[in-house]
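Single-structure report; data block below.
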Amino acid sequence: MSLPVIAIDGPAASGKGTLARRVAAAYGFAHLDTGSLYRAVGVLLLRLGKDPGDADAAAKIARALKPDDTILTDPDLRGDEAAQAASQVAVVPEVRAALLDFQRGFAKHPPGDARGAVLDGRDIGTVICPDADAKLFVTASVEVRADRRLKELQERGIPAIPSDVLEDMKARDARDSQRAVAPLRPAGDAFVLDTSAMNAEEALAAAIAHIGSKTGLGTRR
Ligand SMILES: Nc1ncnc2c1ncn2[C@@H]1O[C@H](COP(=O)(O)OP(=O)(O)O)[C@@H](O)[C@H]1O
Ligand SMILES: Nc1ccn([C@@H]2O[C@H](COP(=O)(O)OP(=O)(O)O)[C@@H](O)[C@H]2O)c(=O)n1
């Protein structure tokens, strides 16, 4: 029997990563932040001195990526340079194809003794796990998301100009939602969760209510 899979998608800084981690903890599931795969490909490409638009080099790196590669936990992945490079390699169909097996493998056989899997990204409910047991599309206004990202940068001591953060967010939104392959959009059967006026606790409660109604699953606590 296959283990339950929860798909969580949404734009940058919508809170999908925070929600995915909390949902995974609540149900005893393993969590995969699929954005880190695209970020890893982008960072490795930059470290090789290649252009983030070099599709052949990006595809080669994506095909070689393994679950225990140290790049997946490298702090460089969290920077804005990595985010921009990630959204550039993410438009390459060969990169997406190479990362598909990695993600489906995790969903089918989550590590450790996890009782299921939570994957967060842009195309989990539409492409990677179209048969997921529950799908959430987390969103918030672009202004709220830019403000969250700005606070995050400030907390990490990274200087940032508010108008630049907002412009970067809009540029990435446009690239992610307008690309030809696996564009960012809610799956037809996704529950859309707008967190603009919700804190992380409220978002978790709404997600658990939806997952419970779809799957009958109960949380551990
Ligand atoms: N519902 C929420 N309300 C306010 N801030 C949030 C909420 N969810 C997440 N955050 C904060 O917003 C920032 C971006 O959240 P994150 O989960 O990393 O987003 P994503 O994975 O969608 O990029 C983080 O600093 C996080 O603590
Ligand atoms: N499943 C996914 C996850 C990320 N991505 C790409 O990778 C970039 C970085 O994703 P992320 O989830 O780490 O970014 P944030 O939303 O955390 O800012 C995105 O802008 C997308 O272009 C994707 O195309 N598909």
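Using N, Cα and C of the backbone, Cβ positions are placed for all residues, glycine too.
Residues or ranges marked as domain 'Cytidylate kinase' in TrEMBL: 6-210. Here TrEMBL flags Gly10, Pro11, Ala12, Ala13, Ser14, Gly15, Lys16, Gly17, Thr18 as ATP binding site.
Shown are the binding-site residues Ser14, Thr18; the one with the most C-beta atoms within 10 angstroms of its own C-beta is Ser14.
Long-range Cβ neighbours of Gly10 (ATP binding site) (same chain, at least 6 residues apart, Cβ-Cβ under 8 Å): Lys16, Asp120, Arg122, Leu136, Phe137, Val138, Thr139, Leu184. For ligand 2, the binding-site residues lying close by, meaning a CB under 6 A from one of its atoms, are Ala12; the full candidate list was Ala12, Ser14, Lys16, Thr18.
Per-residue confidence over the domain 'Cytidylate kinase' (6-210) averages 95 (mean pLDDT, predicted model).
Look at Lys16 (ATP binding site): DSSP puts it in a helix.
Other than Gly10, Pro11, Ala12, Ala13, Ser14, Gly15, Lys16, Gly17, Thr18, the residues of this chain whose Cβ falls within 8 Å of the Cβ centroid of the ATP site are, in sequence order, Leu19, Asp120, Val138, Ala140, Arg145.
All protein chains considered, the CB of Ala12 (ATP binding site) has 22 other CB atoms within 10 Å.
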